[in-house]
Amino acid sequence: MSEKMVAIMKTKPAYGAELVEVDVPKPGPGEVLIKVIATSICGTDLHIYEWNEWAQSRIKPPQIMGHEVAGEVVEVGPGVEGIEVGDYVSVETHIVCGKCYACRRGQYHVCQNTKIFGVDTDGVFAEYAVVPAQNVWKNPKSIPPEYATLQEPLGNAVDTVLAGPISGKSVLITGAGPLGLLGIAVAKASGAYPVIVSEPSDFRRELAKKVGADYVINPFEEDVVKEVMDITDGNGVDVFLEFSGAPKALEQGLQAVTPAGRVSLLGLYPGKVSIDFNNLIIFKALTVYGITGRHLWETWYTVSRLLQSGKLNLDPIITHKYKGFDKYEEAFELMRAGKTGKVVFMLK
């Protein structure tokens, strides 16, 4: 193994990133070193690349970017048990304390002292990465690396879609970005019908169809609520899944969901949102879930089994694959332009 490696690094507090050569890290106690096979770009990585307000408040350059990964364990640090060299793995990004009130109740996904791998630590946009052993997930060999690297965001989609019953339910999904597309795949694999998708981008509406959406709506040109009511015989949808983070989409979805329906919110909003709680939530007796992270480790088992079942249609979602990191700038600019689904760097 070489002593040097290539990595995409946020080298300074400004727009962009650099491809640099750095030392291969050594795993310490409770850590493992993985050789990266595949790694994918998340919206969080794009925020860091763009150096937006959130990134400026959280990221401390210089730092290796990236957190979605599939790789092979090549070295095990002192004190690590149950993980061996050669294991094919992915990584849960929430590094939890195990001691706070939430953790002691088994609610690790809302740990009050969470650190994010690849945000608060060096990440996986590199040929090798050091990972906390407690965050390692072993993958079945049957799952290809370009799918295995998507398990972390896929877990977000699974928790959003499966927060309540979904089989045989009518569904509205607002936002067909990468997470929304994963949500479509999970909803279809889980027996939802019809799956209606509201998305302003022509490119992403076409992707939504390829993934399995039964109906697509352009909210800039069509009346979303009217279209949903027409499709559902005036009843509204049983389940509303909000992936966009657009306040207008939230309002439209709450109007379009049937009384006593279920709402799952994953999209993050730019600020405070004004909602008619009385008429859109309380008097409709809606059940509303806020979704963050993934349930550890229940969601990972669900994700892995869905992938192994062969029922998830993910190929249309992976719109771009790059061999290595050389074209990382092109990849990020395409994402900024909204012209991608998931972007995957393949290192093997």
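Residue positions begin at 1 at the first shown residue.
The backbone N, Cα and C atoms fix where each Cβ goes, glycine too.
Straight from Swiss-Prot, the features:
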ACT_SITE  T44  active site, charge relay system
ACT_SITE  H47  active site, charge relay system
BINDING   C42, H67, E68  Zn(2+) 1 binding site
BINDING   C97, C100, C103, C111  Zn(2+) 2 binding site
BINDING   L179, E199, R204, L266, G267, L268, I291, T292  NAD(+) binding site
- Query: Under a criterion of Cβ-Cβ distance under 8 Å and sequence separation of at least 6, what residues of the same chain contact H67 (Zn(2+) 1 binding site)?
  - Reply: C42, T44, D45, V91, T93, I116, F117, G118, V119, G123, V124, E152
- Rounded to the nearest Å, what's the C-alpha distance separating C97 (Zn(2+) 2 binding site) and T292 (NAD(+) binding site)? Just drop the number here, would you? 17
- Note on the structure: One finds that other Cβ atoms within 10 Å of the Cβ of C97 (Zn(2+) 2 binding site) number exactly 14
- Fewest Cβ neighbours within 10 Å, where candidates are the binding-site residues C42, I291: I291
- Message: I want to check the contact list for L266 (NAD(+) binding site): same chain, sequence separation of six or more, C-beta distance under 8 angstroms. What comes out?
- Response: N156, A157, T160, L179, G183, L241, E242, F243, I291
- Query: Compared by Cα position, which of the recorded positions H47, C100, C103, C111 is the closest one to L268 (NAD(+) binding site)?
  - Reply: H47
- Please name the residue among the recorded positions H47, R204 whose C-beta has the most neighbouring C-beta atoms within 10 angstroms. R204
- Other CB atoms within 10 A, centred on T44 (active site, charge relay system): 22
